[in-house]
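Chemist: Pulled the feature table from TrEMBL, pasting it below:
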DOMAIN    90-528  domain 'Amino acid transporter transmembrane'
TRANSMEM  97-118  transmembrane segment
TRANSMEM  124-147  transmembrane segment
TRANSMEM  182-203  transmembrane segment
TRANSMEM  247-273  transmembrane segment
TRANSMEM  336-357  transmembrane segment
TRANSMEM  377-398  transmembrane segment
TRANSMEM  445-465  transmembrane segment
TRANSMEM  471-491  transmembrane segment
TRANSMEM  503-528  transmembrane segment
Amino acid sequence: MTHHTKLDQPYLSLCSSSLHLQAPLARARSEQGRRGAAGGDYFCKEMGENGVPRHCYPAAAAAAAMEVTSMELGHTAGSKCYDDDGRLKRTGTMWTASAHIITAVIGSGVLSLAWAIAQLGWVAGPAVMLLFSFVTYYTSALLADCYRSGDECTGKRNYTYMDAVNANLSGIKVQICGFLQYANIIGVAIGYTIAASISMLAIKKANCFHVEGHGDPCSISSTPYMIIFGVAEIFFSQIPDFDQISWLSILAAVMSFTYSTIGLGLGIVQVVANKGVQGSLTGISVGVVTPIDKVWRSLQAFGDIAFAYSYSLILIEIQDTIRAPPPSESKVMRRATIVSVAVTTLFYMLCGCMGYAAFGDAAPGNLLTGFGFYEPFWLLDVANAAIVVHLVGAYQVYCQPLFAFVEKWAQQRWPKSKYITGEVDVPLSLSGSAGRCYKMNLFRLTWRTAFVVATTVVSMLLPFFNDVVGLLGALGFWPLTVYFPVEMYIVQKKVPRWSTRWVCLQLLSLACLIITVASAAGSVAGIISDLKVYKPFVTTY
């Protein structure tokens, strides 16, 4: 096995069907038009001391070299392989951006919507869902305007959410945003571990009920399933740039639509079997729960709905796939947001409302694992297996930014450490003969493994799906979906302080802050209530 550092490897990029070094071509373009000191048209590759140019070539020769390079890339002189920032030409459209958003939004959050509507009732439940969809659309439109700093067509691009924050805000706000973003990622990792283990447990219980009968308690601990999920994530976390694997988004979309559609279908069948719609205008009644529990559960329902709509953190990344103007990326993204939020809201309404119509006040916290449905057991198994497959990939996609941040920081802090920057070639063939090797970085191995182990242990201590989802939705909604997009938009568009628009934006932010605090309080109250009867590593379901 050989050791080498990552920094020594050449950077390759793909343009058309051939691999070429991108940096030399980019340098050649940036140097076009430069004149040498000796007179005439020259391209000067480097500047020596005191500004004296060296390595200068006649313009005709340099142009010919660039033309040859262009021909090697398979393009004519008039075609463009790169965008204005030197990166490969983006090809995304409104429809591809809409598909990315729908893939990102429709996830495990849909499974708790029937329970959320059951707490609020037929009037407030759908109304709150529409409210969150409107706020999500509006703040997403504000955030889309922050993709470019300055002019919406020619301004400097911001490639990530944090890039946009850095470009428009400063000081403590940037640090707070970074902390909240990475804290949200940790929370999502915990929530996904809980959701995946519950789905694996549900497969086991569905088969048990089918064999032993619905009267059998079939009590099973979720701890072994969390360990199984954790081991799988340790393995997948060692794959560098897992979030760049193209098939992952497609697989996640197929899986999320599979289990969501099965849940919707089973809800419709149950409504037909009941020969009517269950539920009430005001939701679960006082008497079934205490008045204070009614308040806490209603507030927690706000958090569950907010979690189902959270995708602001990846909006800028999705916008960065849209092809260059005209029209501007922000205009295309606004149209994509309208389409995706409308489709998502319709789908959520169908799933949430059908689940409530099927079970009324008894709607389970997780539509596919709460065992409102028992048969057909094999269909429940398919749905829960789809949830697990989706969450295995989604866990990695969400955690990659945190992994990359810590590893980049470590490389900058200890650039000469072999443990941090060195890699070991591990042969993938059992024979050990020359062939494909996996480049294992020891720091990546230990850091990512420790992260997965830590989130798995926390999940074992707090395996409460609804409470954790509500808390995550509440904590991420106001700061990341509302506050920072509003503040960035005000700076970007130079909105005058105390103007009508400024006051309206601040009132929107304040109202959402109140909702966030109330939702978080409801979720914390739910967790405290559950902990009174839960014994870690002992309690079964």
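Including glycine, each Cβ sits where the backbone N, Cα and C put it.
Where the annotation comes from TrEMBL, it is an automatic prediction and has not been curated.
Fair warning: this is a prediction, and the values are worked out from it, not measured in the lab.
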Chemist: Looking only at residues six or more beyond either end of the transmembrane segment (336-357), which have a C-beta under 8 A from one in the stretch?
Modeler: 94-95, 97-98, 101-102, 105-106, 110, 113-118, 122, 125-126, 129-130, 133, 136-137, 140-141, 144, 260, 263-264, 267-268, 271, 277-279, 308-309, 363, 367, 372
Chemist: Using a cut-off of under 8 Å between C-beta atoms, tell me which stretch among 97-118, 124-147, 247-273, 377-398, 445-465 contacts the transmembrane segment (182-203) the most.
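Modeler: Comparing 97-118, 124-147, 247-273, 377-398, 445-465 against the transmembrane segment (182-203), the winner is 377-398.
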Chemist: Between the transmembrane segment (377-398) and the transmembrane segment (471-491), are there three or more CB pairs that fall under 8 A, provided the residues in each pair are separated by 6 or more in sequence?
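Modeler: Contact between the transmembrane segment (377-398) and the transmembrane segment (471-491): absent, because fewer than 3 Cβ pairs are under 8 Å.
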